[in-house]
Amino acid sequence: MSTAPRVGVLALQGDFREHLGVLRELGAEAVPVRRPDELASVSGLVIPGGESTVMDKLSRAFGLREPLLEAIAGGLPVYGTCAGLIMLADRVLDAIEGQQTLGGLDVTVRRNAFGSQLDSFETDIPMPVLGEPAVHAVFIRAPVVESLGEKAAAIGALDDGRVVAVEQGSLLGTSFHPEVTGDYRFHEYFLSKVRAA
Ligand SMILES: NC(=O)CC[C@H](N)C(=O)O
């Protein structure tokens, strides 16, 4: 019998409680991560949606930036949603002055890419890695992946071709919020990476 994987959700800011709930529903031992020792105790990490500029500042204030960089470099499976995707991106457009990301995903993302007229919307996105049916995706002041480097792969795009889901080894990122839809295939996919790591 395999034991439940212990996974963390970065709990500095944003909708971390929703992710903790989903991961627990899927049978994982899910814990909030705010301190380096908590990060060291998990075998996977979700970076939730929220506000990437605030998460960036808080990660430095909490002494988590360096441990997070080391964990990502060391191959920890990490899944970033929305602001979490921004945190995982190597390059960011429309960042605020001084904003830093953790990086890891060889992509360029644009923050708040849908503008102020269309802050939030929902649509179905075919996602071959998850099979049928298409994923119902909820976007909230979301980023898009404007370009991908060689190491990253697009795994989901809008009808107009804009990439909103990416994967690179043990890293996974989505512009949208699977934790609010009741369709937990993305979290299951992430947990399969954790188990395989
Ligand atoms: N729902 C979200 O996570 C929004 C992301 C936010 N616009 C940012 O730049 O960080």
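For all residues, glycine too, the Cβ spot is worked out from N, Cα and C.
Taken residue by residue with DSSP, Arg141 (L-glutamine binding site) is part of neither helix nor strand, so it is coil. Counting every protein chain shown, the Cβ of Arg141 (L-glutamine binding site) has 17 other Cβ atoms within 10 Å. The L-glutamine binding site feature in TrEMBL is assigned to Gly50, Glu51, Ser52, Arg111, Ile140, Arg141.
Annotated active site, nucleophile per TrEMBL: Cys82, in sequence order. Within 10 Å of the C-beta of Cys82 (active site, nucleophile) there are 29 other C-beta atoms, taking all protein chains into account.
The active site, charge relay system annotation in TrEMBL covers His177 (among others). DSSP assigns His177 (active site, charge relay system) to coil in the three-state reduction, placing it in neither a helix nor a strand. Around His177 (active site, charge relay system), taking its Cβ as the centre, 23 other Cβ atoms fall within 10 Å, counting all chains.
Long-range neighbours of Glu179 (active site, charge relay system) (same chain, six or more residues apart, CB within less than 8 Å of its CB): Asp15, Glu18, His19, Gly21, Val22, Pro48, Gly49, Thr81, His187. For Glu179 (among others), the entry in TrEMBL reads active site, charge relay system.
All protein chains considered, the CB of Ile140 (L-glutamine binding site) has 19 other CB atoms within 10 Å.
Note on the binding-site residues Glu51, Ser52, Arg111: the fewest other CB atoms within 10 A surround the CB of Glu51. For Gly50 (L-glutamine binding site), the same-chain residues that are 6 or more apart in sequence and have a Cβ closer than 8 Å to its Cβ are Gln13, Gly14, Asp15, Phe16, Cys82, Ala83, Gly84. Close contacts with ligand 1, defined as a Cβ under 6 Å from any of its atoms, occur at Gly50, Arg111, Arg141 among the recorded positions Gly50, Arg111, Arg141, Glu179.
Taking every pair among Gly50, Glu51, Ser52, Arg111, Ile140, Arg141, the residues recorded as binding L-glutamine, the greatest CA to CA distance is 13 Å.
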